Amino acid sequence: MAALQNLSMAVGAAVSALGTLMFMAWSRYFPRQRRRRRRHQLEYMIRQPEENYLDRQILVLGLDEAGKSSVIHTMSTNTIKSSSAPTHGFNSATIRSPGLRIELLEVGGSFNLRTYWLQYLKNAHIIVFVVDSTDERRLPLARHELHRLLEAAPQLPIMVLANKQDRDTALSISDIHTGLSLHNTASQRAVTVLGTSARSDGGEHSTPLQTVLSLLQEKLHSVKRLTQSAIMHNHTDLLQTSLETMR
Ligand SMILES: Nc1nc2c(ncn2[C@@H]2O[C@H](COP(=O)(O)OP(=O)(O)OP(=O)(O)O)[C@@H](O)[C@H]2O)c(=O)[nH]1
Ligand SMILES: [Mg+2]
């Protein structure tokens with residue numbers, strides 16, 4: 001009888017120890033699961049706005065001294081820079097606006113760097129081609145470089161900025177348009193030419209750079225990017241079939 005009593009006490013103690021262990025395991029495991037779930041929800045909420053952005057790139061090209069860095073500075077900071085050093089390589093700034101994260105990327109305009117321009121077309125959504133309106137002597141060279149881009153990527157929108165309109169010696173927008181032979185472009189899309197100044201408001205023939213930025217933002221909501229195979233020289237026949245959507 002005593003042996004039976006001892007056995008039932010031992011079984012009772014074992015059951016209670018097991019119950020305690022199971023309770024401890026349960027209470028440790030579930031709060032951790034809940035914490036993990038809450039952390040995932042939080043991470044998702046933090047990531048959400050990023051996922052709603054469209055990443056867009058504006059490729060800013062043009063001859064050396066045209067004013068590319070100055071234009072990028074004014075657009076991205078809404079301030080005027082009194083001087084600017086030549087870009088040895090590239091230079092960039094990021095602008096955020098509702099639904100867009102825009103990278104303004106300049107590749108320097110010196111002779112050596114111009115040979116690399118075409119390599120940057122594949123990531124661009126729009127080209128902004130900056131021309132020094134006071135540099136009449138090099139307007140034919142600017143035309144040559146611009147038409148090289150137009151031929152390499154006929155589908156890519158291009159906006160030309162006739163910059164330095166604040167200067168007395170600046171050519172008019174219509175002179176720049178003619179000097180760049182834009183009426184001769186075989187490309188299907190019209191190339192917009194806007195007068196600008198990165199130094200001041202540029203007077204009555206200028207479009208403020210913040211207005212230019214708004215126009216670009218509008219365009220960037222709808223543009224597509226070209227695939228690598230669409231960036232070619234003299235093989236425009238394949239271009240029609242090589243467009244891909246961004247998302
Ligand atoms: N008056 C005037 N000067 C300008 C304007 N934009 C740029 N500049 C000046 O022109 C010079 C060249 O400007 P940058 O912005 O460095 O030219 P860039 O096209 O970036 O030149 P690279 O980097 O060498 O290819 C600098 O001294 C600028 O201050 C403008 O709208 N008006
Ligand atoms: Mg520069």
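Each residue, glycine too, has its Cβ placed from N, Cα and C.
Keep in mind that what you see is a predicted model, and the values were worked out from it rather than measured.
Per TrEMBL, the feature transmembrane segment maps to 6-30.
Taken from TrEMBL, the feature GTP binding site covers G62, L63, D64, E65, A66, G67, K68, S69, G109, N163, K164, Q165, D166. Secondary structure at S69 (Mg(2+) binding site), taken from DSSP and collapsed to helix, strand or coil, is helix.
The Mg(2+) binding site annotation in TrEMBL covers S69, T87.
DSSP assigns D166 (GTP binding site) to coil in the three-state reduction, outside any helix or strand. When each of the binding-site residues G62, G109 is scored by how many other Cβ atoms sit within 10 Å of its Cβ, G109 comes out lowest. With a CB cut-off of under 6 A applied against ligand 2, the binding-site residues G62, K68, S69, T87, G109 are reduced to K68, S69, T87.
Across the fold, the C-alpha of K68 (GTP binding site) and the C-alpha of T87 (Mg(2+) binding site) stand 9 Å from each other.
Note: the CA-CA distance between A66 (GTP binding site) and T87 (Mg(2+) binding site) rounds to 11 Å.
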